[in-house]
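Peer 1: OK, TrEMBL features for this one:
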MOD_RES   Lys195  N6-(pyridoxal phosphate)lysine
Amino acid sequence: MNNTIEIQITKTASSKLPQTDFDNLTFGHALSDHLFVADYFQGEWHNPRIEPYAPLSLNPANATLHYGQSVFEGLKAYKNEAGEVLVFRPDANFRRLNESAKRMCIPEVPEELFMDGLAKLLELDREWVPSKPGCSLYIRPFVFATDDFLGIRPSQKYKFMILTSPVGQYYAKPVAVKVETHFSRAIEGGTGYAKAAGNYAGSLYPAMCAQKEGYDQLLWTDGKTHQHIEESGTMNVMFVINGTLITAPTTTGTILKGITRDSVLTLAKEMDMPVQERFLSVSELKEALENGTMQEAFGTGTAATIAHIRLIHIDGNDYSLPEKPRDAFSNRVLHKLDAIKYGKEKDPYGWVYRY
Ligand code: COI
């Protein structure tokens, strides 16, 4: 990719590559050598640059620390057999970042800042993209307020950064989830669709309570009636009931518009899988688990990819799901998605960007 903006580059004097164990990658621990950074002030983005990864120095009155004006994204880079770096749907992450930013009164990031910053960062840190199957370079673009002011108003200054982290699987095993009918993650008119830091902070306590009971994550229900399944804490959720793929629509503004979700729905159509984008009620979910028509349940997300659900807790009862046969839809779609992401299969949708 050619850069259209001028990006100043300062390389690290000592790479962390030799100390990084690429054979035992988990999620979110290892951080690569460089960061992309740009600053917003006086109504414009300034000074795009790449710097050695380093801690930030923040004024204790920083607006993000107090009022949480911060949004982020998650996408992944893969290395194909020819050693090329492939990134999955960065254009979609760029658009979603700005949808989230708008909701949080954060100025939009121009496309060339996002795309060129990412391209330059990957060029510099391409050795950080793992080549081991199942591993990838997780890319985390984020924007946060940097005013040092305790009054409540949209900040006038921001930082846009992109950091990267070589990762393995987010969920190493199928997960157990609990249907949450007391706490709410989102409500119509709220910020549920935005990838805003505060949405994740608010979900920590309910998730921690479920984890203490032995569940990995929550299945959030709608904030008004708690009767419909919305999403999980780290991913969208899908069910295969009687041969039909069912997932909640994203039209209520309460659910994250997952890019993996969209990709799975697109591939499902190509794979002749019947799809229903509709709310599944908790009672319908329970009935399908009780009468054996529930064939598969799984989460979809950038970090989680396709995460199989092995158990669902509803209202005091644990329901185990059947073992997934190799030809289960979730396995076939994961295989197809991976083949596109790693450049092994043709990409008719223009999802893969080569660097
Ligand atoms: C992602 O899938 O990229 C996310 O942001 C989920 C996060 C909770 C790890």
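Even glycines carry a Cβ here, placed using N, Cα and C.
Quantities reported herein were computed from a predicted structural model and do not represent experimental measurements.
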Peer 1: Look up the residue listed as 'N6-(pyridoxal phosphate)lysine' in the DSSP assignment and report helix, strand or coil.
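Peer 2: In three-state terms, the residue listed as 'N6-(pyridoxal phosphate)lysine' counts as coil.
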Peer 1: In sequence order, what residues of the same chain, 6+ apart, have a Cβ less than 8 Å from the Cβ of the residue listed as 'N6-(pyridoxal phosphate)lysine'?
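Peer 2: Long-range Cβ contacts: Val71, Phe72, Glu73, Gly74, Arg96, Leu97, Ser100, Leu256.
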